[in-house]
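Participant: Here it is, the structure, as C-alpha cells.
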Amino acid sequence: MVLCQGGEGDAAPAAGGKEPEVPPCREDGAGAVQPCLCPAPGVEAAGAEESRACGCCSGMSWPCCCEAPGTKKKAACPGLGLFYTVLSAFLFSVASLFLKKIEDVHSVEVSAFRCVFQMAFVLPGLIYYKTGFLGPKGKRIFLFFRGFLGSTAMVLLYYAYQVMPLADATVITFTSPVFTSLLAWIFLKEKYSLWDLLFTLFAITGVILIARPPFLFGSHVTGFEGSYTNHLKGTIAAITSTLSAASTIVILRKVGKSVHYFLSIWYYAVIGLIGCVIALFVLNEWRLPHCGRDRVFLILIGLLGLGGQVFLTKALQIEKAGPVSIMKTMDVVFAFILQVLFLNHLPTWWTVGGALCVVASSSGTAIRKWRHSVKKAKQREI
C-alpha cells in the first residue's frame with residue numbers, strides 16, 4: 001500500500017497553480033483523519049481500470065479511496081497518537097540529557113552528527129518516492145531558508161542545553177507556538193486575536209522569570225548552573241532557536257503541500273551538515289571525543305532524536321494537532337525529572353513559575369487553534 005497524500009505533500013500543484021481538491025477520508029472513532037491509501041502499482045487486476053464507487057469516501061471512485069474493495073479497515077487504537085507523543089517527548093528529553101553528559105564536544109559537532117543520521121534516514125525515502133533532491137524550481141528558495149533556519153535552531157538549542165539547566169532551555173523552546181502565531185500574522189496575514197497577544201505576553205513573562213535579568217531581579221541572583229554569563233548566553237541562544245524554529249513552520253505553511261515532507265527534511269539535513277562543517281573548521285573545534293562513552297552518547301543522540309521525530313510524525317498522522325501539542329508539554333515534565341535525577345540540579349521556584357507561564361501560553365495557543373480547526377471542519381460538513 002502507498003499513500004495518496006502524505007507528509008508535507010507529495011506532488012507539485014496542478015496546472016494553473018491550484019492543487020486538485022481531494023475529498024477527505026472518513027474519520028475514525030477518535031475523530032482523526034486517516035491518510036488515503038491506494039494499492040501499490042501492479043496490484044490491480046487486468047481489466048479493472050473502470051471507475052468503481054466506494055462508500056468510504058463519500059462516493060469517491062476506487063482506487064483513490066480509503067480502502068480497496070474486499071479489505072477491512074483496521075480499528076484505530078484510542079489514545080495511540082497521544083502515546084506516540086509522550087514517547088517522542090521522552091526520547092527527545094533523554095537525547096538532551098545525553099547532550100548534557102557529553103564532555104569536550106562542541107554543540108556544532110553534535111549537530112553535524114545529528115544531520116548525518118537525518119540524511120541516512122531520508123535518502124531511501126527520496127529514492128522510493130522519486131521526489132528528486134532539489135524540489136520544484138519555485139520552491140527551492142523557501143526550502144533553502146527552511147533548511148538554514150531549521151539547522152540554525154538545532155545548533156543554538158544544543159548550545160543552550162550545554163550551558164544552562166536542561167529544564168530552563170526546554171521551557172523556553174515551548175514558546176515556539178506563540179511566536180509562530182505572531183510570525184504567521186506578520187508574513188502570512190493570518191488572524192491574530194487579543195487572546196494570541198495575551199498568550200504572547202504570558203510566554204515573554206515565563207522567559208523573563210527563567211532568565212532573571214539583573215536589572216529586574218537585582219545583582220545577587222542565584223540558582224544558576226555555572227555563571228550567570230553562561231546562563232544569559234544560553235537564554236539568548238534558546239530564544240533565537242525558538243524564533244528560527246517558528247520561522248521554519250511559517251515557511252512550511254507558505255510552501256504548503258507542493259513539496260514532499262522528506263524533501264523538506266533533506267534540505268534541513270544537507271544545509272545543516274554543510275553549515276556545521278564550515279563552522280567547525282572556522283572555530284577549529286572538529287575532533288572526535290577522546291572518551292568511548294562520549295562516542296556512544298553521540299550515536300544515541302542521533303538515534304533518539306531520529307526516533308523522537310518519527311514518533312511525533314506518526315502521532316500527527318493519527319491524531320489532531322491540538323491534543324498532540326498539548327501532550328507535547330510532557331517534554332517539560334521529563335526535563336525537570338531527568339535534571340533532578342541525573343544532573344542533581346534542583347529547579348528554582350522562578351524556573352517553576354516561568355515553566356507554568358510558558359506551558360499555559362503554549363497550551364492555550366494549541367487549544368485555540370484546535371477549536372478553530374474543528375469549527376471550520378464542521379462548517380465544511382454543513
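Backbone N, Cα and C define each Cβ position, glycine as well.
Under the heading domain 'EamA', TrEMBL lists 80-211, 233-362. Annotation source TrEMBL lists region 'Disordered' at 1-21. Residues or ranges marked as transmembrane segment in TrEMBL: 81-99, 111-129, 141-161, 167-188, 195-215, 235-253, 265-283, 295-312, 324-343, 349-367.
Situate these features within the shown structure.
Facilitator: Within the model, the domain 'EamA' (80-211) carries an average pLDDT of 86.
Counting only same-chain residues 6+ beyond the ends of the transmembrane segment (81-99), those with a CB under 8 A from a CB of the stretch are 30, 32, 107, 110, 158, 161-162, 166, 169-170, 297, 300-301, 304-305, 307-309, 311-312, 314-319, 323-324, 327-328, 330-331, 334-335, 338, 342-343.
Here the transmembrane segment (141-161) has long-range neighbours at 96, 99-100, 107-108, 110-111, 114-115, 135, 169, 172-173, 233-235, 237-238, 240-242, 244-245, 247-248, 251-252, 254-255, 259, 263-264, 267-273, 275-276, 279, meaning same-chain residues at least 6 beyond its ends whose C-beta is under 8 angstroms from one of its own.
With a cut-off of 8 Å between Cβ atoms, the residues of this chain six or more beyond the transmembrane segment (195-215) that come close are 168, 171-172, 175, 178-179, 181-182, 185, 221, 228, 231-232, 235, 239, 350-351, 353-358, 360-362, 364-365, 368.
Long-range contacts of the transmembrane segment (235-253) within the same chain, counting only residues at least 6 positions beyond its ends with a Cβ under 8 Å from a Cβ of the stretch, are 8, 142, 145-146, 149-150, 152-154, 156-157, 159-160, 163-164, 168-169, 172-173, 175-177, 179-180, 182-184, 187-188, 207, 210-211, 264.
Beyond the ends of the transmembrane segment (295-312), by six or more residues, the same chain brings 84-85, 87-89, 91-92, 94-95, 98-99, 101-102, 105, 110, 113-114, 116-118, 121, 288-289, 324, 328 to within a C-beta distance below 8 angstroms of the stretch.
Below 8 angstroms of C-beta separation, residues 165, 167-168, 171-172, 174-178, 181, 195-196, 198-200, 202-203, 205-210, 212, 223, 321-322, 325-326, 329, 332, 336 of the same chain, each at least six residues beyond the ends of the transmembrane segment (349-367), sit close to that stretch.
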Participant: Please determine whether the transmembrane segment (111-129) and the transmembrane segment (265-283) are in contact (criterion: at least three Cβ-Cβ distances under 8 Å, sequence separation 6 or more).
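Facilitator: Touching, yes - the transmembrane segment (111-129) and the transmembrane segment (265-283) meet the threshold of 3 or more Cβ pairs under 8 Å.
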Participant: For the domain 'EamA' (233-362), jot down how many residues DSSP puts in helix, in strand and in coil.
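Facilitator: Across the domain 'EamA' (233-362), the residues distribute as 111 helix, 0 strand, 19 coil.
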